[in-house]
Amino acid sequence: MPDKRKNLLYSCLIILAAFTVYLGYFVPREETIPLMVGVGLMFAAFFIVLRKTEDEEVDLMYYWSILLRVLLIASIPKLSDDVYRFIWDGRLLVNLQDPYKYLPAHYLSEGIEGIDYSLFELLNSSSYYSVYPPLNQVFFFLSTLLSPNSVGWSIVILRVLLFVFELGNIRLIRKLLAHYNLPEKYGLLYALNPLVIFELTGNLHFEGVLVFFLLLAILKYEEGKLHTSAIYFGLSVATKFIPFILLPLLFRKIGFKKTMVYGLIVAATVAITFLPLINTAHIWAIWDSAELYFQKFEFNGSFYYLARWYGFETEGHNIIAKSGIWMMIATFVTIMAYALLGRKADWPRQMVWVFLLYLLFATTVHPWYVIPMLAMSVFSTKRFPVFWSALIFLTYINYMGGAYRDRIDVVLIEYGLLLVFLLFDLFGNTWNRLVFGRESN
């Protein structure tokens, strides 16, 4: 019987490796059927590995998770084209040009090395200013400095840089699990998760860097080093602004005065990273592009899509400019209410619910947006983020055949099933026992 378990376990590990290569190198997002079948098989193998892994095999599973990332080292991102803007901005920086000053089309006539129509045509953001913070631009600069004329090598260099942060994430997760006296196996929810592997190492999104600094902030907070924690928290915010929403959770943990000091250190850290944007025109250009997020962009929203439907029914047009602002207000109110009135728990456990509130009211929820919530969920027994990480792959159906189409049926299936998983999680640990077996905490 033990041999049967091991055979199944090792077979699932091989499936994870085989489909990491297949999907990472050969299946673009337009090929919906092979993508959905491949992802489905990977998540099935992933859940079997979680359930069948015994304590003495946990180290092997972590090593395997690293191998899966290494397998993607030479791949070109298949599910996202954001990387081409990263390279565009990086090439501008290498040539001592300001990536924030003008729209991309302006630079085409400037005779800048590497800035040409072949790269311009790959941009999905050619009509707005760069919105990537200076901390991210450091990565873009390094990837193009070392390979100024090759898109492929710039991608590899950028992937190696982000891979190092992923190694750090795995290490920090294991350390914090030990601190919270939780099973080390829980970290596999992040380390082996197909969404994390494809969206961070594969598609080169920066949520992994955000998670790294956030985990460091939590670790230093638990060690009582609040000022150091605040600096790391600030670096997390400097990667992507989203962690700012977590600060209200500190009011009931360390008090108003210490929270204000913590927040000031966070703000100062972010401000230092933004010194390159001291030019006011730059700030307004980025703000103009950021406004598009709330007043134009829409993808896979939940409450927002309900508001949009109501707008079509009552006003006959899309009311995103109005409802986007209301979603922001609702996010702020619900997060503050939870921070001040919610049940006390460890900081990362509370972060799970704050991230959830943010995502539920967001106008845009790309698959990689759920990764910070997923990372924090490993320190709890709530497993709805893990199931959401599988369900959210359904949104790639929107790209079927190459032409993007917003499919409401996909949104209904995704959020309908998420609601079921969430309700079960609210009233017990059913899913945790299902994922890890009855012996789990």
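In case you wondered, yes, glycine gets a Cβ from its N, Cα and C as well.
Listed as Cβ neighbours of the transmembrane segment (7-27) (distance under 8 Å, sequence separation of 6 or more from its ends, same chain) are residues 34-35, 38-39, 41-42, 45-46, 48-49, 52-53, 57, 64, 67-68, 71-72, 75, 78, 192, 194, 197-198, 202. Per TrEMBL, the feature transmembrane segment maps to 7-27 (among others).
What TrEMBL records for 33-50 (among others) is transmembrane segment.
Sequence-distant neighbours of the transmembrane segment (62-80) (same chain, 6+ residues past either end, Cβ-Cβ under 8 Å): 13, 16-17, 20-21, 23-25, 27-29, 152, 155-156, 159-160, 163, 166-167, 170, 174, 187-188, 191-192, 197-199, 201-205, 367-368, 396. According to TrEMBL, the transmembrane segment annotation covers 62-80 (among others).
The annotation transmembrane segment is assigned in TrEMBL to 138-165 (among others). Taking Cβ pairs closer than 8 Å, the transmembrane segment (138-165) reaches residues 69-70, 72-74, 76-77, 83-84, 86-87, 89-91, 93-94, 99, 113-114, 119, 132, 200-201, 204, 206, 208-209, 212 in its own chain, all 6 or more past its ends.
Among the features that TrEMBL reports, transmembrane segment is placed at 186-219 (among others). Beyond the ends of the transmembrane segment (186-219), by six or more residues, the same chain brings 16, 20, 23-24, 39, 42-43, 46, 49-50, 53, 58, 61-62, 64-65, 68-69, 72, 75, 77-80, 82-83, 86, 135-136, 139, 155, 158-159, 162-163, 165-166, 168-170, 172-177, 179, 229-230, 232-233, 235-236, 239-240, 242-243, 347-348, 367-372, 374-379, 383, 386, 389-390, 392-393, 435-436 to within a C-beta distance below 8 angstroms of the stretch.
Long-range neighbours of the transmembrane segment (231-251) within the same chain, counting only residues 6 or more positions beyond its ends whose Cβ lies under 8 Å from a Cβ of the stretch, are 133-136, 206-207, 209-214, 216-217, 220, 258-259, 262-263, 265-270, 273-274, 331, 335-336, 339-340, 347, 350-351, 354-355, 358, 372. The transmembrane segment annotation in TrEMBL covers 231-251 (among others).
Annotated transmembrane segment per TrEMBL: 263-287 (among others), in sequence order.
Look at TrEMBL and you will find 319-340 (among others) tagged as transmembrane segment. For the transmembrane segment (319-340), the list of distant contacts is 245, 248-249, 251-252, 294-296, 298, 303-304, 307-308, 310-311, 350, 353-354, 357-358, 361-363: same-chain residues at least six beyond its ends, Cβ to Cβ under 8 Å.
Here TrEMBL flags 352-371 (among others) as transmembrane segment.
Long-range contacts of the transmembrane segment (383-399) within the same chain, counting only residues at least 6 positions beyond its ends with a Cβ under 8 Å from a Cβ of the stretch, are 29-30, 32, 35-36, 39, 43, 79, 189, 193-196, 299-300, 352, 356, 365-367, 370-371, 373-374, 377, 405-407, 410-411, 413-414, 417-418, 421-422, 424-425, 431-432, 434-435. Feature annotation from TrEMBL assigns transmembrane segment to 383-399 (among others).
Annotated transmembrane segment per TrEMBL: 411-431 (among others), in sequence order.
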(request) For the transmembrane segment (33-50), could you work out the same-chain residues 6 or more beyond its ends whose Cβ comes under 8 Å from its Cβ atoms? (result) 8-9, 12-13, 15-16, 19-20, 22-23, 27, 61, 185, 188-189, 192-194, 390, 393-394, 396-397, 435-436
